[in-house]
Amino acid sequence: MAWNPDSNNEKAETKEMDIRNLSSSQFHVHSESNLHKVAVPPKQNLFQEFKSTMKETLFADDPLRAFKDQPSSRKFILGIQAIFPILEWGRSYTWRKFRGDIIAGLTIASLCIPQDIGYAKLANLDPQYGLYSSFVPPLIYAFMGSSRDIAIGPVAVVSLLLGTMLSDEMDPKENKAEYLRLAFTATFFAGVTQATLGVLRYYLLGFLIDFLSHAAIVGFMAGAAVTIALQQLKGLLGIKDFTKNPDIVSVMQSVWGNIDQWNWQTIVIGVCFLSFLLFAKYIGKKNRKFFWVPAIAPLISVILTTFFVFITRADKQGVAIVKHIKQGINPTSANQIYFSGEYLKKGIKIGVVAGMIALTEAAAIGRTFASMKEYQIDGNKEMMAMGAMNIVGSMTSCYVATGSFSRSAVNFMAGCETAVSNVVMSCVVFLTLEFITPLFKYTPNTILAAIIINAVIGLFDVPAAILIWKIDKFDFVACLGAFLGVVFQSVEIGLLIAVIISFAKILLQATRPRTALLGKIPSSTVYRNIQQYPEATRVPGVLIVSVDSAIYFSNAGYVRERILRWLMDEEEQVKAACQPAIQFLIIETSPVTDIDTSGIHAMEELHKSLQKKNVQLVLANPAPVVIEKLHSSKFTDIIGDHRIFLTVADAVSSCSPKWVEEEV
């Protein structure tokens, strides 16, 4: 038979006319005997549901698992070990571990002593208070903490935050005694905040910390590093009249407005030894075998500069020195904490903020080094340990202590085995307070400034910022906002901006969830996002939409409108391409983890809108909570149980015309 092109054209036109004239009556529902029905979970009574929810919310990690089926005596021992983990791991402590801890403890002690003196100045406190905070808190943590690697003591960010917030309330020079009492009060309530989080569990109050996203913390830390470094220009340049404002504009005006106060001897000492410290840090990073070089460099710098100033009497030439550090261990300060009066509320406010920041930093440090050694830290034990050490610290003349990243890194590389390295460090600090502090009299302030600048450089995490930019632009906005807020305003403003932007992101994601059109992956029964998989084909006459969020009051209206907008766009494309009209709208509900009454009401309105367009609503794979609520609200009666399927493939096969099934 000869080929007739006209006859083929006629067949094609006939098929096109058939497609155009398809009506809803031409769509059919197959026999459901071979399809699985969506099961409704057994209904729990109110008490069981409440009990299950509370257990999952507050005790998701089942902390009492170890106590099950144990005799009373064993439960008592386990309870004591839960509070004091040292009683558990201490039984397997060996001489080999002790050797590693001694080396690590001595190494971090050589780093912490000069750092603590400088950090105390950031908090506008006398130098000895920095050393006090590396004596008592590490001892408490060693008994109660679960991290093997974290090194406890004052840190730059918390010291700056505390100093800034305390200075906003009173002048540290004019009201020295009251300022010190407020610092102890803030430390006490920082500890109470941390311990409360441990008692009430992270799952209940952890959202307070979770509002500080990783991106916000990266920006906040970098901004704090800039602010801290700028504050050290006073000591590095020898300026006497320096601004109290932490923002970069005020600092630069103070620096360039007081050029006549610059002291060239101070600058030479500071710049030379800052270069030495940076070179030592470079050597340590270049070869990990020389980790001890950057650890010992600050102490060597202090010894050399102190000796140099003493023999040359450079202090007579305008080089500012420490002058006096009180000798002896921590005096009690329990009677100096404000438990009433106007300063109580101020102490609580400052303590809560400082406690949160300190806890966030310590948690990040603990998780980092625990993952390197492949062990788990107990978040609640960490919070309890941090809280206890700051509560006790506030009563022994300490200010807020937490995990220090620089010390913890040195502790890790020095080969620490357990928290005993903190005990060794504490013992060295004790000996320093008892016998060595008079030797720091001629230590120049410029070397302390150089040590702090060298320490805070590590807070700049440029690779992390670049990665944040590549992954999520909104996260980068939070990072940049926190950074600029700290640098151009203050630590508190930067922190507030970070929380606001992070909160805005949560609201945006909650109120504007992602939706997507799904198509069929060739040679499979899998349906995926057509943007992610361009090869995925759409099913004629059927629109498949995925909603990637719970549907509740804050987003129900948006979800309904967005689905209708998908339908309108699809109908326009179908009409332009002369394809069959949309007869079924399938919603892939497996990502929908929950739905509330507003969400169900929105689904009812969506169903009514679709009925006006002669489009049937179909649901695929609803979660247990969702299907239970849909049944309870009688929504399943409205659309019919036969319109709810276990998979998208089942829904498509039941709602597609025969000739479409043969093609797809």
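For all residues, glycine too, the Cβ spot is worked out from N, Cα and C.
What TrEMBL records for this protein:
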DOMAIN    532-655  domain 'STAS'
TRANSMEM  150-167  transmembrane segment
TRANSMEM  179-200  transmembrane segment
TRANSMEM  207-230  transmembrane segment
TRANSMEM  262-283  transmembrane segment
TRANSMEM  290-311  transmembrane segment
TRANSMEM  348-370  transmembrane segment
TRANSMEM  382-402  transmembrane segment
TRANSMEM  422-440  transmembrane segment
TRANSMEM  447-469  transmembrane segment
TRANSMEM  481-504  transmembrane segment
* Can at least 3 Cβ pairs under 8 A be found between the transmembrane segment (348-370) and the transmembrane segment (422-440), with each pair 6 or more apart in sequence? -> no
* To do: Examine the transmembrane segment (262-283) against the transmembrane segment (447-469) and state whether at least 3 Cβ pairs sit under 8 A, considering only residue pairs 6 or more apart.
  => yes
* Kindly say whether the transmembrane segment (179-200) and the transmembrane segment (150-167) touch, using the definition of 3 or more Cβ pairs under 8 Å where each pair is 6 or more positions apart. => yes
* Of the stretches 150-167, 290-311, 447-469, 481-504, which racks up the most C-beta pairs under 8 Å with the transmembrane segment (382-402)? -> 150-167
* To do: Go through the chain and flag residues at least 6 beyond the ends of the transmembrane segment (447-469) whose CB is under 8 A from any CB in it; none is fine as an answer.
  => 114-115, 117-119, 121-122, 156-157, 214-215, 218-219, 221-222, 224-225, 228-229, 232-236, 269-271, 273-274, 277-278, 281, 298, 301-302, 305-306, 322, 405-406, 475-476, 479
* By DSSP assignment, list the helix, strand and coil residue numbers for the domain 'STAS' (532-655), in that order. => 62 helix, 21 strand, 41 coil
